[in-house]
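Written below as structure tokens is the structure these notes are about.
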């Protein structure tokens, strides 16, 4: 009807049904309902209402569970079956608790009577056709049907119309069929109280009532008329009458309409109507381009008061703002109470969950699934979960918010850090104790044999800084700590291994009896250059590392709930080269010490150096896979433990035995004891070497031995080519060999003691 091409002369003072369906879906949406049923008449009005409501429902995320159409007329034979079918569908759809009804009043009466008989209790949303119908609200036991909330045309000031009703008794009834029928009905129901009056009137018919003029004064029941009028219809009718009156007045201003009834044409009146402006409740209203005056809707609520159903005003629906407005707080509370009723296909997804579409074709039917880890939803019925910022926040499964990650690192007050600090301080104390012992026994052979106080101090100094370097692995990482801890350890340990390498070369040189090896070692043995070169290479490696790819503080967010504050080494290649270089020095030291492992039993330092290097290798070989697979705040502790193992191992193998000899084996810590030990070792070594040389010299080609010698057999047997030649030395020659051996041993022992 709003299409001016099809209906150019149609104007109305009530809103289009489009706004009514929009108001209904708005009410449904705000009440939290999304699964509703519809019952409408099978005619143009009903089908248009279904189509319009369906469009508005989709826009407001409301799904229609079922649609039932009833015949437009009660005379249709199928109407009872259709009503029963609609009620059966309502009963079967247990999740539907809200029914929208686009029916005429006589349809609703029949529908509700059957629904009451089947104990159906729902929320019924009434269209403007029956929302204010008193004869429906007075159906017996209507209160058992549930709640009824309806939309009616907006009402205005009804005082003038109420005055008109009050003065009806003074009007003649001869030519007024409405008033005549009313008087007959009131006469028949004069004995009924006001609550049952409507029921009595509806049960009466004009043919069964006799009008009595003598009772005329008693049958006037103004309260009945006031209660049974529908203010919305009255108000819109008043607006229509006023609009026509104003249009005629405007047309007659310049024309003599009294003398000429045809002073203007109908189309002229139509054009004037379109321009009319009316005052409604203090506001100007006029026809829009579609010929409608959109005054809005009143929202009505059927309430039980004193045991009787009363139609009350609850709110106003504003068409322009598409919202509801309340005149009092109690009405707003009643409106909000609709949310207590559940009418949904699926239960509402809580915060921390999201919708997952099910097999149903309706979008309102879904499953609620929990948000995965590190995702959240902070509202109900979200269609997807938000992702937390994984760098700074986290969320468990089914979370409604993101939680800030706690920052962790190997803190000073951590029990494991305290244990590591105790071990580090114990190592430092051990270094100082060894330094004091060596300083107080500076002149003893053990200290001198260890390379002297200078070399011992350098090695102990390196151990000290190695223990100190572990302190930079504990506590909150900073740029300074990250840059100092690895170079301090690497340079200190490289210097330590370099000094031990010098000691290994010195021992090998002192106790080696092979002239070729001695010549090579004498050329190689340059203590100061070797130490400077070996340590300098490590310094260069660390300098290049710090210059181009220096370590830095990094926030490791790979763990779910925490941020690990750690040092990123900058370049793992440089880190590996630094450790690999120390391993190369340790391997060279191990080889040199291994060659001298069979030194005198009373003092075999090379054997302990070999054992110390083995401890180092085992510790760092284990370190590589453990370091690569460990994560979290205890990752620095892995390297600290390996440093402790290698540092304690070398320190103990290098110095503890010496300290034991100095403190508890003082009889072996004398020059004479050392000379005797070295003399015995040298005698064995030189004797073995001398016998080897004599044997080599006596391997005969044709030895000059008497024929009576047992070794002489045949010419072939005397031939040295065949390899074996037995001989006997004279007593004189044997005595000469012993004297030579003794002199050689004495010379060698003095030289070895001097070398050591």
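Cβ coordinates come from backbone N, Cα and C, glycine included.
Heads up, TrEMBL stuff is auto-annotated, nobody curated it.
As annotated by TrEMBL, transmembrane segment applies to 415-439 (among others). Residues 447, 450, 453, 456-457, 460, 463-464, 467-468, 470-471, 474, 634, 637, 640-641, 644, 647-648, 651, 655, 658-659, 662-663 of the same chain lie 6 or more positions beyond the ends of the transmembrane segment (415-439) yet place their CB under 8 Å from a CB of it.
Annotated domain 'G-protein coupled receptors family 3 profile' per TrEMBL: 416-672, in sequence order.
Residues or ranges marked as transmembrane segment in TrEMBL: 451-475 (among others).
Taken from TrEMBL, the feature transmembrane segment covers 487-509 (among others).
According to TrEMBL, the transmembrane segment annotation covers 530-548 (among others).
Listed by sequence, the residues of this chain that lie at least six past the ends of the transmembrane segment (572-594) yet keep a Cβ under 8 A from its Cβ atoms are 486-487, 490, 493-494, 497-498, 500-501, 504-505, 507-508, 534, 537-538, 541-542, 544-545, 549, 606-607, 609-610, 613-614, 616-617, 620. Under the heading transmembrane segment, TrEMBL lists 572-594 (among others).
What TrEMBL lists as transmembrane segment is 606-628 (among others).
Long-range neighbours of the transmembrane segment (640-663) within the same chain, counting only residues 6 or more positions beyond its ends whose Cβ lies under 8 Å from a Cβ of the stretch, are 420, 423-424, 427, 430-431, 434, 437-438, 441, 444, 446-447, 450, 456, 459-460, 463, 466-467, 469-470, 473-474, 489, 493, 496, 500, 603, 605, 608-609, 611-613, 615-616, 619-620, 622-623, 669. Per TrEMBL, the feature transmembrane segment maps to 640-663 (among others).
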Seminar exercise, completed: Tertiary contacts of the transmembrane segment (487-509), defined by C-beta under 8 angstroms and 6+ residue spacing from its ends, are 450-451, 455, 458-459, 462-463, 465-466, 468-470, 472, 517-518, 521-522, 524-525, 527, 530-531, 534-535, 537-539, 541-542, 545-546, 578-579, 581-582, 585-586, 588-589, 592-593, 595-596, 599, 605-606, 609, 612, 643, 646-647, 650, 654, 755-756
